[in-house]
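Undergrad: To start, I am sharing the structure in question, which I have written as structure tokens.
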Amino acid sequence: MEVQWVLVCHGMVTLTVVVSFLCGHSPIFKGTPIGWIHYFLTFGAWDYLLRFVEFVFGSKGTDAVLSVEGFCCDRPNPLLQIIYLVILGSTYFITVKSSFVYIPGYYIGEVHKYMSFGAVMIGVLLFLLTSFCDPGTVNAKNVSQYVSAYPYDDIIYSEKECPTCKIPKPARSKHCSICNRCVARFDHHCGWMNNCIGEKNTKYFMAFLLWHFLLCLYGAVAIGFILAGRVKELRIVHILTTYYGIKNSFRSLAPRVLQWLVGTYNTQILLLVFFALISLLLAGFFAYHLNLCLTNTTTNEKFKWREYTSLQKKISEAKASAAALKACMSNTELERPAMSKWKGLWRRSEAKAESIVAKRNMYDKGNFQNISEIVFPLSSRQAFQKPYHKSE
């Protein structure tokens with residue numbers, strides 16, 4: 001019974017941490033435990049650690065911690081790559097040692113021993129391709145090619161020079177401070193890959209996310225079939241109904257069968273929960289990046305558009321406020337109608353600002369064309385297709 005409660009508590013804590021980390025920033029969780037946990041995980045824990053180190057070891061200890069942070073977060077290093085390989089290898093090893101003994105089973109064939117190994121190797125291959133493929137480095141030799149491929153929209157991108165590389169900065173590119181290079185169609189720097197995600201390796205990154213989602217889903221389903229097979233082979237339902245007098249119904253049997261599984265196959269249950277949670281996490285990441293690919297937008301551009309729309313809202317708000325103040329000072333309207341007019345104008349300006357991205361993203365040419373640019377980067381094509389035109 002103690003093992004069962006430990007597993008239940010482990011699952012609840014894991015689920016709470018995952019939900020808090022991913023969704024805790026949402027306004028609906030403001031002032032709730034989920035929001036507090038999100039703040040602690042993203043900001044508070046590190047701040048408290050620095051304070052504790054400074055209190056115990058002084059400024060030298062803090063400087064040492066910050067130097068480690070600089071090595072891990074501000075420069076290329078293989079730390080997260082090693083952690084990924086350790087997690088993947090150890091998880092596969094535990095799965096083999098704990099679950100392969102039940103293969104073949106009632107619902108699962110021996111072929112899955114070999115399929116699982118092949119699936120893991122494909123995941124490692126995609127990891128290596130994403131990590132070591134050139135993301136689209138912009139240099140003096142190819143900068144003109146990238147400038148031709150990605151014209152400026154004069155909204156979030158305008159003609160300028162990279163102050164670090166001292167070369168023209170193509171539209172959609174960004175200078176990565178960690179890699180110290182300009183990357184074409186820059187999306188983000190991925191610490192797990194120790195590489196930038198850009199024009200030439202976005203397709204591998206998307207394949208990596210999709211394949212690892214399917215891999216974890218496959219692992220969860222396979223273990224589920226193994227456990228179901230054990231219940232069938234050991235005739236647990238028959239034993240419960242015949243010798244323990246439990247009613248032969250799903251509502252009566254399900255808790256008892258689950259209790260038996262948790263007590264007998266706790267390692268497999270932990271693996272199943274782990275695979276299920278990671279698959280959900282990867283599904284969320286993949287869906288987010290797939291939406292970006294379908295609209296031909298990058299994570300970097302998402303933030304740029306957010307800053308642009310925020311600026312437009314502030315400008316519209318200032319204009320509306322000035323108009324309301326002018327109306328009040330001229331005594332042409334009562335105070336309440338003036339405020340109502342101001343609020344209505346601000347709301348219209350907010351809605352207008354939110355539609356700017358969809359209307360002004362000149363790089364969005366339809367789902368099919370957008371996906372084709374991920375698979376076949378513009379700068380790598382022998383002859384470019386019809387060039388972009390700015391929206392009027």
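Placement of Cβ uses the backbone N, Cα and C atoms for every residue, glycine included.
Sharing the record's features from TrEMBL:
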- 6-24: transmembrane segment (TRANSMEM)
- 36-59: transmembrane segment (TRANSMEM)
- 79-102: transmembrane segment (TRANSMEM)
- 114-132: transmembrane segment (TRANSMEM)
- 158-305: domain 'Palmitoyltransferase DHHC' (DOMAIN)
- 204-228: transmembrane segment (TRANSMEM)
- 269-290: transmembrane segment (TRANSMEM)
Undergrad: Sort out the residues at least 6 away from either end of the transmembrane segment (204-228), same chain, that have Cβ-Cβ distances under 8 Å to it, and list them.
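TA: Non-local partners: 95, 99, 102-103, 105-108, 112, 116, 119-120, 122-123, 126-127, 129-130, 133, 187, 190, 193, 197, 261, 265, 268-269, 271-272, 275-276, 278-279, 282-283, 285-286, 289-290, 293, 374.
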Undergrad: Please list, for the domain 'Palmitoyltransferase DHHC' (158-305), how many residues fall into helix, strand and coil according to DSSP.
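TA: Going through the domain 'Palmitoyltransferase DHHC' (158-305) residue by residue, I get 91 helix, 14 strand, 43 coil.
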